[in-house]
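Trainee: If you scroll down you'll find the structure; I have some questions about it.
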Amino acid sequence: MADDGDMFLNFEIGDAPIKQTVKYTGGRWRDRVKAQKGEKGGQDQSKQASTARRDTGADYYTNRAAKRQRTEDGDSGRFSKTPRTGNAAERGPPPPPTHAMKTGLVSSRLFTSNPVPVTDFEELPQAEEAEPAQPSNAPLSAEAENFLSLGLSRRVSQHLATKLEMKAPTAIQKNTIPQLVKEDSDAFLQAETGSGKTLAYLLPIVHRILALSHNEDGTPKTTKVHRNSGLFAIILAPTRELCKQIAVVLEKVLRCAPWLVCTTVIGGESKKSEKARIRKGVNILIATPGRLTDHLDNTKVLDVGTVRWLVLDEGDRMMEMGFEDDIKTIVGKIRAGTLQKKNAEGVVLDGVLPSRRVTVLCSATMKMNVQKLGEISLEDAVHITASKSDMEKDAETGAVETAFSAPAQLKQAAIVTPAKLRLVTLIALLKSTFARKGSVMKAIIFISCADSVDYHFELLKSTTPRAEPEPKPEGEAPTKPNIHIESTVAPATYITSPANPTVMLHKLHGSLAQPVRSATLKAFSECKDPAVLITTDISSRGLDVPAVELVIEYDPAFAVPDHVHRIGRTARAGRAGKAVLFLLPGSEEGYISILPKSTPIAPQLYDSILQKGFATNINVPGTESGVLETDRQSWASRAEALQLHFEQRLLAPLPGATPVFESKSEKFAASKQGKKGKKDAKKDENKTPDNPLLVSARQAFRSHIRAYATHVREERVYFDITALHLGHMAKAFGLREAPGGIGGGVSRRTHRPVQPGDKTNKTSKSVGDGTARRPKKDDDDERDFGAADEDAGRRMKEKMKMMMGNMASEFNLG
């Protein structure tokens, strides 16, 4: 102690630094760097927090970035490009973070990080109201042409005019009917979709068969023709639906001659029933190539000796589907037999029917593969098109391949929308389509794969139970519900409106059973309410459904000819129609340039569709109010709220199930407690089952990505799988992250073939010669695959336990 009263203290602090530092050793260098950064970040955050508490409020907010001013209406407008319509004052910046974002809840952001379209929509010419185009596939004037002048009998012509209300033929019918009525040469029939190709070849066949028993004026002859008189014509079609439709059209025509019989033989039906119908007798047979080949090999009562016509409808499609060998077999068996001049009853066929077998090949698109089909089936064929000028030109140049465009009265549009906005844009388009009563009665949505069709059907259908039908008055038998359409037809939700409170939803694809497919297509055709059909390319060929006014290509076709057939489901027989194509920003926008177009395809951005579709409230299932609740009444807010609703609906646990784990740590902790190898995992009853809709969404996503990679080689420059953002595309299926296993497919185990001397006893004991037994080919359960899996799982579990339970042992914290 000093004299002046002051006190001096000496502290010994040692040689260690004042600030304690932590050094990480061991493990990978990436993990050490991450741990050091995390330690440093934690210290910096604590320092900043303490500094912020000491500072005044004014000083604290001085360093913050300036916030953008919120507009009064809260409308976000378009964020990548400003819309062409509307005043500039109505265009606002992106919406500010909602309260859900501030409180830590999940919010689905759709209008951020989207790719910029290549097309400059600002420089596109303003669309002008053009005069309605003259229909290119409409019937001709009744004063100029009629069926009687084309060479058809009076009986057939009167039946078409009075019963079927067909006063005049179309252009392709005008050029085809006289050729097939008077000549016996093969025909190469080509015309655009919806132009009446089916009747163009059916009417001459019916006319000439009818001439066996009736004169031109309709008076009967002495000879009689009935179902046992012989098989005169075979019509091949690629799909069962097209066969059914051809049969429906032919049955309407044959009402003028009820003694003539037609039938179908298609896959999915009972072969026993088909053989019974053939045994009773049939004059015109409509078949798919595979089933007809089966009957030619196994059905002895099927006699093709009297066959005079072989029609190949949609010949290019049959070649694409791999029916080349079947067609060769069919043509070979028909030509191998001797052409009978008289039938079994002694009726002379020559002079009335063709003296040779006539082959007719027809389609809307004739590609190069049809040349090969023509070499198989045609001999000196006449090329018939809708206009005489085309016929003369093809006769001079010998051209075979012609690119046919869509009907002239068809309006086409292409919507450029980012992957994240595809689903909500589709809902907005359908909602605006059915906003007015009577505006559109039926719409078809084409999707690339069956799994995606199933998912979108389950997503859009109403979850409320159907109302019981009203009881019938006394004396009337109650109508029985069709069990075949219970899973394929349902009322829709999200897309209804006060004007159309009921919109029926249908689904159709090739994986459904044939009775279900037929019943669904019939229900869609006969539906009196507004209806939507979600389908694959199975419905793109030849189907003629009345009142289809809108076709949506949600997934672009795999080839341009398929696109032509898709949009040909509308604007048929001179009626108006509209086709909409969904494209992603970027390389897909160039796809428009290679599409055949009789009318210009107008590209447009998604914002106009969202503004129109989400201008009013959206009806959603499972809520008390029945409508989608949003903080702000704008189309952008409704779009994001609808996307969030879809994601929450997929993640919702099943009734009575345990809550779904949200974080990865919770999932890992649950896996540690509940999974003890493969056998224990199978027996774990506490595992939460996934929502079936979530499982369907994941499978639909995987199938969609696989289908995206199957475009034809010439078009892959526009559909580049490597440029596809999987995370954004997952949003289009209501998923928050892209599921894995896209390229895995079905896992299969291969085994070495069992040698003749091997023993296949089910015991694992050695046989007498000392060799161990080898299991049977399908004996997967007896193979010892589980030992290696359990050992690997045990080692991985121990390593993960060491990492998660004791971090010091991994990094050797000092």
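Using the three backbone atoms N, Cα and C, a Cβ is placed for every residue, glycine included.
Annotations per Swiss-Prot:
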COMPBIAS  28-42  compositional bias 'Basic and acidic residues'
COMPBIAS  69-78  compositional bias 'Basic and acidic residues'
COMPBIAS  467-477  compositional bias 'Basic and acidic residues'
DOMAIN    422-622  domain 'Helicase C-terminal'
REGION    26-102  region 'Disordered'
REGION    464-483  region 'Disordered'
REGION    662-695  region 'Disordered'
REGION    741-795  region 'Disordered'
MOTIF     145-174  motif 'Q motif'
MOTIF     313-316  motif 'DEAD box'
Trainee: List the helix, strand and coil residue totals of the motif 'DEAD box' (313-316) as derived from DSSP.
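Mentor: Counts, helix then strand then coil: 2 helix, 1 strand, 1 coil.
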Trainee: Who are the chain neighbours of the motif 'Q motif' (145-174) in space, where the CB to CB distance is under 8 Å and they lie at least 6 residues beyond its ends?
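Mentor: For the motif 'Q motif' (145-174), the list is 137-139, 181-182, 189, 191, 195-197, 199-200, 203-204, 206-207, 210-211, 214, 216-218, 252-253, 255-257, 384-387, 573.
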Trainee: Quick check on the motif 'Q motif' (145-174): DSSP residue counts for helix, strand, coil, in that order please.
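Mentor: Output for the motif 'Q motif' (145-174) reads 16 helix, 0 strand, 14 coil.
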Trainee: Could you give the number of helix, strand and coil residues in the compositional bias 'Basic and acidic residues' (28-42) as assigned by DSSP?
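Mentor: Residue counts in helix, strand and coil order: 14 helix, 0 strand, 1 coil.
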Trainee: For the motif 'DEAD box' (313-316), provide the mean pLDDT of the predicted model.
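Mentor: Taking every residue in the motif 'DEAD box' (313-316) and averaging pLDDT yields 85.
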